[in-house]
Structures are given as structure tokens and as C-alpha cells.
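Student: One structure follows; several queries about it will come next.
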């Protein structure tokens, strides 16, 4: 893994390591996250992985396979995070947070709120007025008279340590989202930053989002 060069985040813990993985098969990252978390010791440094995946659907622990609406060549991977079904693909920024919650003195609810806030602040920096949606974790933007999802998140906690993370749609093929009920919600629209009028590289957005995560004490 290549360590990602960052300007020093103001609230960063010195033990946090941020890695740029590039394009990686989802199943490989999933196995590595599980192995990393299982092998953690009390002094294991936290890690942040910045990654992009080839096309894949993932189905959470509570996931109903019926939310995959059509037969497709895109693989479906059963995973151990919370939530239902979602899609990952090129042009999407995925950040995995492998964190020790005890070290950061966080509860899961605090973590989710801070992840969402980092996304909101990142999008605001690009001129997008994103918001939360009650009862539906993630981040949404106004689109064609309703709220459309632009970022998803899902976390697994094992022995007070987290893995999985968040996914922000930057400039991607959104058609696969029409093959599912995103996050289990029929008819939920999904958009990306490009569709909202923002032109930005994934690398630039990653740097900004990592800084916002640091502001929330997560990097």
C-alpha cells in the first residue's frame, strides 16, 4: 500500500496512517479489513484506506437480495457491515476507517454523525448544500424536487474497532444504481458531484474529505 501524502490535519492523531490503494477488487479489500481488525492489538495504529473499486454490489448483514432488481453481470458480495445493498464503481471515492473507538473515546453514533458531518463540510467546500435525512444514514442533495443520495456509509464494529466506511459519488456511471433499491429504498435517486455541476478530481476530493474527517477527529 502507498501511504498518502497529506498536509498535517489539525486534529490528527500521530498514530493514524493514511494509505492510497488505487483501484482494488472489493473482495480483496474486504478480506484485508477483516484480517487487519482481527489482528489488532491495543497499540496497533489506526489506518485510513483511500480506494476505488471495479463495479460491484455489496449487501449488508440485514440485506434483502430482492433489492437487486435485475440479473446482472456485476458481482454481488455479501458483507458484514450494517445496511442493505449499495453499488461501488469507478469514479467513486471510497474511504475505509479502521479505527479504535476506545482510543478516540467515541460511540458508534458519534462516529456516524462525524462521518456525515465531514461529508457535508466537504461538499459545502464545493458549493453543494448537502444534508442528512432522518432515519436514512448517508448524505443527500436536493435534486429534481426531492433529496437524492450522493454519499453512503456503513460500519462494522468488532471489539470496539471499526472497519468499512463511506463512499462519495464524484463522477461515475450511475446506471447500476437503477438495478437496485439503493440502501433498501425503492425509487431512491442517486447522483454524483459531476451531475450537480462540480468538476473535481477524485484525488482533490479525497484530500479535502480527509481534512474534514481530521476536523472531526477521525484521521
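Every residue gets a Cβ built from N, Cα and C, even glycine.
In case it's useful when we look at the structure, here is the feature table from TrEMBL:
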- 42-219: domain 'BPL/LPL catalytic' (DOMAIN)
- 81, 82, 83, 84, 85, 86, 87, 88, 152, 153, 154, 165, 166, 167: substrate binding site (BINDING)
- 149: site 'Lowers pKa of active site Cys' (SITE)
- 183: active site, acyl-thioester intermediate (ACT_SITE)
Student: Any idea what DSSP makes of residue 85 (substrate binding site), helix, strand or coil?
Tutor: strand
Student: Just jot down the residues in the same chain as residue 166 (substrate binding site), at least 6 apart in sequence, with C-beta under 8 A of its C-beta; none if empty.
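Tutor: Looking at Cβ-Cβ distances below 8 Å from residue 166 (substrate binding site), excluding near sequence neighbours, one finds 94, 95, 97, 115, 119, 151, 152, 153.
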Student: Which of these binding-site residues is closest to residue 183 (active site, acyl-thioester intermediate) if you go by CA atoms: 81, 85, 87, 154?
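Tutor: Ranked by Cα distance from residue 183 (active site, acyl-thioester intermediate), first place goes to 85.
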Student: So what sits near residue 85 (substrate binding site) in its own chain, CB-to-CB under 8 Å and at least six residues off in sequence?
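Tutor: Those within reach of residue 85 (substrate binding site), by Cβ under 8 Å and sequence separation of 6 or more, are 57, 58, 59, 60, 63, 64, 67, 68, 180, 181, 182, 183, 184.
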Student: Taking the residues 81, 82, 83, 84, 85, 86, 87, 88, 152, 153, 154, 165, 166, 167 listed for substrate, what is the greatest CA to CA distance in Å, to the nearest whole number?
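Tutor: Of all Cα pairs among the recorded substrate binders, the widest measures 16 Å.
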